[in-house]
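Working notes for the structure below.
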């Protein structure tokens, strides 16, 4: 299965039980910042934004004072799982990032998708990739 298929079929899919509700953008990005696959709507990010995200996984709390930036959009960092998941909020939407052994799985959402639904979609794929040694 190609990385693009993971994004299209496992991240940008309808959310279980909520036909027509889906993430607004998603991607799988290597730890080095290289894009493995992304939705057409995923923002163009700057290398320093990805560096900040990777630093926060290695030093939890790093982004809390400044916020998480992706594609020029600032998200307020909310509770995550140290070293494993970063979550951010902006207005009625937000972002979930799950770290695997080799990649970061990104999901960006807006209402009517809820933070919990985004977390479920992103973390389910991230956990699967971890189980596969990726």
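Just so you know, glycine gets a Cβ as well, placed from its N, Cα and C.
It should be emphasised that the depicted structure is a prediction, and the values quoted were computed from it without experimental measurement.
As given in Swiss-Prot:
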- 13-118: disulfide bond (DISULFID)
- 84-100: motif 'Involved in PIP2 interaction' (MOTIF)
- 114: phosphothreonine (MOD_RES)
Other CB atoms, at most 10 A from the CB of residue 118 (disulfide bond):
25
Which of the three DSSP-derived classes (helix, strand, coil) applies to residue 13 (disulfide bond)?
coil
Measure from the CA atom of residue 13 (disulfide bond) to the CA atom of residue 114 (phosphothreonine) and give the result in Å, rounded to a whole number.
15
Other CB atoms within 10 A, centred on residue 114 (phosphothreonine):
15
Segment confidence, the motif 'Involved in PIP2 interaction' (84-100), expressed as mean pLDDT:
98
When you measure from the Cβ of residue 13 (disulfide bond), which residues in the chain that are at least 6 apart have a Cβ under 8 Å away?
22, 121
What three-state secondary structure does DSSP assign to residue 118 (disulfide bond)?
helix
